Amino acid sequence: MPVRPTAALSALLTTALSVTALAACGSGSGHGPDTVKVSYKQSTDNSVKVADTYLAGVKEQFEREHPGKKVEFVPIKAPDAEYYTKLQQMLRSPRTAPDLVYEDTFLINSDITSGYLKPLDAYLAKWPDWKRFIGSAKAAAKGRDGKTYGVPDGTDTRGLWFDKRVFSKAGLPPDWRPRNWADVLSAARTIKRKVPGVVPLNVYTGKPAGERATMQGFEMLLYGTGDGSLDPLYDDTTGKWVVGSRGFKDALSFVETVYREKLGPDVSDALDPNFNTTVNGELLPQGKLGIALDGSWLPQTWQPGSGHPWPDWSRHLGLAAMPTQHGQAPGKVSMSGGWTWAIPAKAANPDLAFDFVKTLQTKDNARKWYIANSGIAVREDVAADPAYTGAQPGLRFFTGLVAHTHYRPAYPAYPKVSTAIQEAMEGVTTGDLSVAEAASGYDATVEDVTGGRVVRK
Amino acid sequence: MRRGHPAVRALPLVPALVLLLLFLAGPIAYCVWIAFTDLQLTGQAHSSFTGLANFRRAFQDDAFLNAVWLTLVFTVLSSLIGQNTLGLALAALMKRASKPVRTLTGGVVITAWVLPEVVAGFLLYAFFRREGTLNAVLDWLHLPRQNWLFTLPILAVSFANVWRGTAFSMLVYSAALDEIPAEITEAAEVDGAGGWRRLWHITLPMIRRSIGTNLMLNTLQTLSVFGLIWVMTRGGPGDRSQTLPLFMYEQAFQNSMIGYGTAVALLLLLVGSLFSVVYLRLLRTEV
């Protein structure tokens, strides 16, 4: 009897699919007790191999010092937002969970709440180097249960970058040190008056800029209001989000002033999702931006081999700390994020994973890493090391800000609160909303997305 | 050949059926289930069944209603009017054009279609942005320039979708027009029917079936456009070009509310099927 085509086809499909399915089950699941699987974020830019090169070196050292043990990398090649998603999916199942993962402090608390991560306190207590880590960085990887879930491998800080070429044309001092918000605005007004064709001041704003608007823009203002002793976004004692605060409206007013007086970029440029590329690649190198409220990592963009090499940037750009609103103590403000190494709750070899963390975070390796990725040291011994501070202009300045830096309340609701901030900013930037309207819109949204966990201040 | 019992004859299909159910229907059913829970990607220890809460939430959410409205505008502008009409016009014109013109036009239109969505997005972003090509042309014509992605974002992304997707309609209609017997057109011409009359009374009725299929495929494809809009405007400024797929992405992956995002996806599916039913009814072939 001739075989009918459908039968042949179905048989073929069955075989093919079951082979694939079996293969899928086979790989990925359990690996030997001598191999530690490490997931990290690989750059989406193929020419950037900073993390890969660094980790390969550490792997070699680890395998040499731990005979019989192996390190296997499971790199995830994705932009930030997608990296989180992929990682979270891997962490859900013991079959896909690696032994060590690279976690952004932005989402670590969320992943702790989900039960994806393992507390490290038992390991840290026996690790002498942990005492070297600065307090604020340690706090960034702490869960609400008081346990620590990650070892930070550096941080970032933020401040004011200003163009000395623009400043000299405007008659402003090359060693500019603004003492309060009014100083920043008045410098911008001077630039607007005296140097036409230049954007006086850039503050990232609106939803298209995303977390960049919230952190480099709004929070750099908000955390400089009040007396700095309390978190202006989140109330730790009650575990509730702050609404209706004076500081929030003041920070919004600052943004409104920048865009209403046309001290910032054209609104339509500011709301272009790719505007940061223009700032880093064109406006700053070409001397078309007076003051930029931005992060410590900018020189990464200007290194040789990147898209816009600008080796002598430090000749043209000056750095100043972002002042507090009225110059009240401590006088300056900075925000920090950064990444940590964490061990998944479903890891197969957690002990070996922590051994790998110890190798990653020897003083020498830590210093090598900070220098390679323009990171800011979170180990006191490295921060004081001239081999580190002298490695790149600006490192000393941004490391000095660590003492005045704040970490975001990165609890599960934070990403939604951040979106609400961006919407409020966007309202005052376009002029569609008054400060009062935008602030009350924020209050309502936060009340909604946090399920009513808000407190009026 | 001896005919076996129907059950025995169906036997070889069983493995395929099982696999289909497992790999196709399984995930779909799982999706439907998730839409009724408060599952989050992160930030939650346990998820629970919440019934219709996600759907109720959607209809009370201004951002969702805004996304539905923009999705309709985007679909009507770019798929129904743009791709469909332009595709038909191109196909009709090309039927009469000389071979070199036909090859050239076809080549250009199909290139736009073959380009990956993200690449097309960047090209059109460069075209519409403030320092972009369109404004350069307007300057040259002494017409006022503006930032199209800021002032008319939904129109800009709709145009982009027309630019990218017209080739498909053109191909469908070219094939359909070739099917019309030349005698019928000639007979009508002899009877004195002008161009418009021939289009209305002969061409359109004869390619009715293709119109239906094309509209349906076009619409379903347009409803799910994501990369193009993401690259050009990220749904902004504000949420003035945030169609349902972008809204869904924001909820599911940026706000990590997988349950809510999936519920929105189901609603999008519903919008798609509504469109399909309407087309099928309107264009049902009379026998």
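Keep in mind that glycine also has a Cβ here, set from the backbone N, Cα and C atoms.
TrEMBL annotations:
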type	residues	note
DOMAIN	B:69-279	domain 'ABC transmembrane type-1'
TRANSMEM	B:12-36	transmembrane segment
TRANSMEM	B:67-92	transmembrane segment
TRANSMEM	B:104-128	transmembrane segment
TRANSMEM	B:148-173	transmembrane segment
TRANSMEM	B:215-237	transmembrane segment
TRANSMEM	B:257-280	transmembrane segment
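Stretch with the most C-beta contacts under 8 angstroms to the transmembrane segment (B:215-237), considering only B:12-36, B:104-128, B:257-280: B:104-128. Taking Cβ pairs closer than 8 Å, the transmembrane segment (B:257-280) reaches residues 31-32, 34-41, 47, 50, 54-55, 57-58, 64, 68, 71-72, 75, 212, 215-216, 219-220, 223-224, 244-245, 247-249, 251 in its own chain, all 6 or more past its ends. For the transmembrane segment (B:12-36), same-chain residues at least 6 beyond its ends with a Cβ under 8 Å from one of its own Cβ atoms are 49-52, 54-55, 258-259, 262-263, 265-266.
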